[in-house]
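*Asks:* The following feature annotations were taken from TrEMBL:
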type     : residues : note
TRANSMEM : 56-72    : transmembrane segment
TRANSMEM : 138-158  : transmembrane segment
TRANSMEM : 165-183  : transmembrane segment
TRANSMEM : 213-232  : transmembrane segment
TRANSMEM : 244-267  : transmembrane segment
TRANSMEM : 376-399  : transmembrane segment
TRANSMEM : 406-426  : transmembrane segment
TRANSMEM : 438-465  : transmembrane segment
DOMAIN   : 497-668  : domain 'STAS'
REGION   : 668-701  : region 'Disordered'
COMPBIAS : 678-687  : compositional bias 'Low complexity'
COMPBIAS : 689-701  : compositional bias 'Basic and acidic residues'
Amino acid sequence: MESVDSVKNALRADFTWNRVGHLIARGVRAFPQAGIEYIADKFPIIGWLPRYNHRWIINDIIAGLTLGLMLIPQGLSYAKIATIPVQYGLMSSWAPSAIYAFMGTTKDLSTGPTSLISLLTAEIIDALHGDEWSPAEIASAVAMMMGIYGMAIGFLKLGFLLEFISLPILSGFISAVAITIILNQMDSLLGEPNVGDGTATQIRDIFQQLSRANGYACAIGFTGILLLTALDQAGKRWGKRNRIIWFLSITRAFIALVIFTGVGYAVNRSRGGSENYLFDVVKVQADGQEPPKVPSAALLSKVASRSVAVFVGSAVEHTAIARAFAVRNNYVTDQSQELTYYGVTNVFNSFFHAMGVGGAMSRTAVNSACNVKSPLSGFVTTAVVLVSIFKLVGTLYWIPKATLAAIIITAVWPLMSSPSVFYGYWKTSLADFISSMIAFWVSLFVSTELGIAAAVGFNIVYVLLRQVFATVRSLPDAQSSTSSELPLPLSVPHGDIPSHVNLPPDVRVFTFTDSLFFPNAYHAKHAIIDTVKTMHAPIFNGSSGPEQERMWSVTGEKRIAKMRRRAGITDATHLPPIGVLVLDFGRTNHVDVTACTHMKAMVQEVKMYGGDSVEVRFANMSEYVRQRFERAGWRLVDGWQSGSEGGSQDENQVTRVFDSLVDAALAPRRQSTRLGTSGSEKSSGESVNKGREKVSMREQV
């Protein structure tokens, strides 16, 4: 009995068991309400559809029709990249838009086949083709595995795992993919036979067989590239002033498809069999949508490991595009929900003999340019694609292969990062430059799977080695300044903000507690943005706040409301604006390119929320961290020593660096944006004066 009592007493006194019990009890109490909210979050349409404005329907119809016209040539082209019959590109394109209307969290994102997914799928087909499965069956199995991975991460809210892919790795990886796709299309563009596989082999064969190129195919292909490029440039130059030119520009792929399909029909229809055609055509053959079929378990086991690279690349691309356009158009997206949708739609697509799908940058940009108002536009896109599947397949038979090659080449060319991007990595961080080069060269000449794995492995090893060989300095140091750095954190002027210092309520201070680099940069960015939106009011100038243009999206409002409930804020009408944002780098000894890029995005988003008058200041930066930011393109100046009181036009592009948090938080504001001047800034100044006795909460990031 004594031993039993001893165990009971130990369990009562055990901190860990008590904490586990407390968490379990809290979870049980919150489960009913949390479960309902979780299910509702999986279908965002429940929140925004009742607030839909009937006047938006015209915009949504135009956007949906435009994307449908884009998806027809792109679906065919990307199926060609994936080395499956081109009609399966259309079969991959009709469902994602409709499903996104129910599950999507952005109004702009367009999903469907992409060049990245197509190339990676083609590599898997090349490795497995010759067994008992057809290319279309292999592509469907890859789509199912992509969907399973996406649902697992999305439903469990594990989207942070994708942050282990740094931005330099993505740049190198996607650039290599773009070059590989272009090389794969050169045989169709030039009408050359017997071009081998592999980058080095393809380059050799393309030049060796130039004398055997088909002149008709070359004429069709290069004329298509010229037409597509001319319409693209015309749209960039005159599209904003002329709606006809703008529409011709964004539907240029469809226009090229119609023109050259007519040429293919007129030239080849009367020439007998396909062996007599002047140039190759795609020969689309299908009788509507095929009945659903589940991929075989044996095939799924074969593609499971190979599909990881496809999932990682496309999921990162999908979420990055969603985040970028959410920031551009001033609403909030849910990364975990986007991955849930990504998983569900790929599993659904796999039943219909379809290849994998994800977010596409070009179509998303067009959707945004069409001023789309809600995801309802997806139903129109689905209708257009279904019409082409059931009614236009016979016409699509005559599309020249060279035309599809031209559409593909002009579509993927912008995906390649310019040399200046890689030079920027070189200037900022040698490790980031090396990781981008590993991803680029290994993906280009070996395989995309090994390329992204090798680059991620290098980054992980580099981070571990930094921890193993941490620098230890002895003070005083003859090589350093005469004053020791040891007392700095203990002194009031250079250390923490003492309790007796009253900060204005529009000042928010954040302290990074560790190095800032690719695994934690995204989390740190959103921790800052979430806190600012929770504790401060937006600027009501039409770009933020409860204006009608943002009423379709409820994701951001629900998130802010939840965070304010947790913070105990019951009346948000008296929240102060955000005037000064201070970032304390006193404990940060390392930053990388990804961190610098995310911090730039954070500043942009905070200024969209709080206005251009928001000042971002840095404090306690080491020389090493400061150099990293400057080499990444940040303009940093010391305090108010250089151009401090000027009203220059580029003042907003300068970030000021202070030696202490107190100086950073209480230094004078820019004269051109001092609080209390006029309009909303005047009301902000009154709020500051009324609440000056309050002390701002310091946040640990």
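Cβ atoms here come from the backbone N, Cα and C positions, even for glycine.
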*Asks:* Between the transmembrane segment (213-232) and the stretches 56-72, 138-158, 376-399, 406-426, 438-465, work out which stretch tops the count of Cβ pairs under 8 Å.
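*Replies:* Comparing 56-72, 138-158, 376-399, 406-426, 438-465: 406-426 has the most Cβ pairs near the transmembrane segment (213-232).
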*Asks:* Six or more residues out from either end of the transmembrane segment (56-72), which same-chain residues have a Cβ under 8 Å from its Cβ atoms?
*Replies:* 90, 93, 97, 110, 112, 247, 250-251, 253-254, 257, 362-363, 366-367, 370-374, 376-385, 388, 392, 552
*Asks:* Please identify the stretch among 138-158, 165-183, 244-267, 406-426, 438-465 with the greatest number of Cβ pairs below 8 Å relative to the transmembrane segment (376-399).
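*Replies:* Comparing 138-158, 165-183, 244-267, 406-426, 438-465 against the transmembrane segment (376-399), the winner is 244-267.
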*Asks:* Under 8 Å, at least 3 Cβ pairs, sequence separation 6 or more: does that hold for the transmembrane segment (438-465) versus the transmembrane segment (165-183)?
*Replies:* yes
*Asks:* Find the member of 138-158, 244-267, 406-426 that has more C-beta pairs under 8 Å to the transmembrane segment (165-183) than any other listed stretch.
*Replies:* 406-426
*Asks:* State the non-local partners of the transmembrane segment (244-267) in its own chain: residues 6+ outside its ends, Cβ under 8 Å from one of its Cβ atoms.
*Replies:* 66, 69-70, 72-74, 76, 220, 223-224, 227-228, 231-232, 234-236, 238, 277-279, 281, 366, 369-370, 395-396, 398-400, 402-403, 406-407, 411
*Asks:* Short question: which residues 6 or more past the ends of the transmembrane segment (406-426) have a Cβ under 8 Å from it?
*Replies:* 73-74, 77-78, 80-81, 115, 168, 171-172, 174-175, 177-179, 181-182, 185, 189, 220-222, 224-225, 228-229, 232, 253, 256-257, 361-362, 432-433, 436-437, 593, 632-633
